[in-house]
């Protein structure tokens, strides 16, 4: 029996061996990623894995250009803002249809916004819609968005996946299962199926002609797209090299140079990508509440070395609180950021009364210069934290590291158990990042620093409610300078977006809005 | 024998209840909160609280457990609290691939392991024996993910013979068979070692026994002596080992499933436990413990087949 089995297996292997390579059909376009989303309802999931698919499934009123700053028309062909900055009037395109063929009208936009902001929807991103007073349709193609007070970030936020326009009938039919068992919206691709942890299948929206003008061709070119999950990065790497898939932007950094040498493979970087890694201090915890410790940490950590070693030279060291690509980035605050200088950091600690004690760890008033950092156990955090630990040790600060698996991690990062934490996040404007992470009302999450400062609050409020660019930029700049001087964060690295596409693919260009590397998925063609 | 089997099955009910209770308690120990998982990293506390209320997580633990058991008795496994997919649907979709993978790895690994062990035991001390033992020690020691990655590199990437990005289709299709080869080789690869080692030592014991000498004295051909008289008696401990290992394979194939993106129940269980998705985790626990119970029952039945003393007892 065993001999026969072995023979059959052997023969089978030989037969298979005669087939030269795995044959590729013309369709579908296979995109690889490492993690699946919890669900695909744009207002309920904040994961990148949901956003990157949501941008293909659904459209937003406005779109965001490859520069990550310029707001462009999408479902709204034009808009007007009242002089007091409280009323936005959107004129909608008249040719837009949902995947099921029903024409999209103003009431669909009203429904989607109301669903997003309704407390019963439990949307963790509802506050991004701003201080909404009312949203209404004045005719079939005009939407009036009225705010209680001006909200300078509104247009940028309306360009994010959370503000996707969805079909009321499908939402009501599916209820909690919207984005789980089905979907219907006006995106370039339509929902076919979702198998959790495996794949999302999309097909071309046959009606779609209204793609944003940042693309050459407003119509989708691919009949079917499969977003496939490959949880193991080494497998993903081998799958791209063996041409078992077409596109990925989750390639391990170490493999990018190798991929560049594979014939026919294109490796492109999105230079304007905003996804920043940083370490934040809980400013009300002992030791890290001392500004000298925080400043010394900012001076002792060699972020250039981290960008080079951990990201294999593919990341960019971040020498400012916020990413230089975000709107209202403040150059002056970048200059205030202390330069890498371990000797100066040691001197600063000496002057602040932190004297070197036993084992080379500094002490002050009987307290050791030690703190605990929490973070997610992802591909880069172990090495980033170890590098930081070594750097800090050189100036006499003892950092202990505790990394958690992703799902447990967010629960842990909501506690008060740690003194500092590692995180990375996307943003489109400086105002958005500041609003989200530094307002006192945002503590304990997402303001995990417990940074409660009246001047910060009032400056952010001022920039958020400003109606002219100069006031907004000025106020945002002032907050950035204040936070930089207080060393609330240790900015580390600007994570890179590298799009790898195989030899079947033509026209793919990395976008990267909120981590969504392909954004609408337009202009992409398959050669075979 | 039938009565024995029925008794064992009835006994499984309190065992399952205990497993569920234990699973529930352990899930409370996992340091995470499903409401936080669902709300995501940028949510404020009021949203997290609201979601917690919606999910009934603000109720006392005993009531949560009673509500769950109450529904379970009515045959309702519930829906995932993370993505709202019915637990039965997810289980149904993952049991198939897991069983497929188990079948495909055991169908070659067990016969090969037994064959290797028997040869090793029979030619004890020879070069052949040493070689076989070296291979099985390697099989026991090599981590399964390493074997998987090496196979991917060699047969998936270097020679591009087999795909390795998930299940290709049902086992009776060509795509399905091609896609299962590498994961089945990986999972079976770590199975051969223990089976071969156990068979070898067991065969060694039996070959020295009186009845084997008698069989030889009767003038039976050597082949028959080994296969009928020695191997059959040697198989009892091997069957025990295989039973235990299969139970382990049910849930322990997570690494293989991850490396090959195989949509099995192991990955489902780990994901559900990590996100504190109680109904889903309990669902997988039910299936896995049932699987374990059934495999053990099968092992008991096999004892009877192999050993007349058990049969007549």
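Every residue gets a Cβ built from N, Cα and C, even glycine.
The model shown is predicted, which means the values in this text are computed figures rather than measured ones.
TrEMBL lists transmembrane segment at one of the ranges B:234-255, B:256-277, namely B:234-255. Per TrEMBL, the listed range annotated as transmembrane segment is B:135-156 (candidates: B:69-90, B:135-156). Sequence-distant residue pairs (6 or more apart) of the transmembrane segment (B:234-255) and the transmembrane segment (B:101-123) include at least 3 whose Cβ atoms are under 8 Å, placing the two stretches in contact. Within the chain, the transmembrane segment (B:9-30) has long-range Cβ neighbours (under 8 A, six or more residues past its boundaries) at 61, 64-65, 68-69, 72, 273-274, 276, 278, 281-282, 285-286, 289-290, 293, 297. Long-range neighbours of the transmembrane segment (B:176-196) within the same chain, counting only residues 6 or more positions beyond its ends whose Cβ lies under 8 Å from a Cβ of the stretch, are 100-102, 104-106, 108-110, 112-114, 116-117, 120, 132-133, 135-142, 144, 147-148, 151-152, 155-156, 162-164, 166-170, 238, 241-242, 245, 249, 253, 256-257, 259-260, 262.
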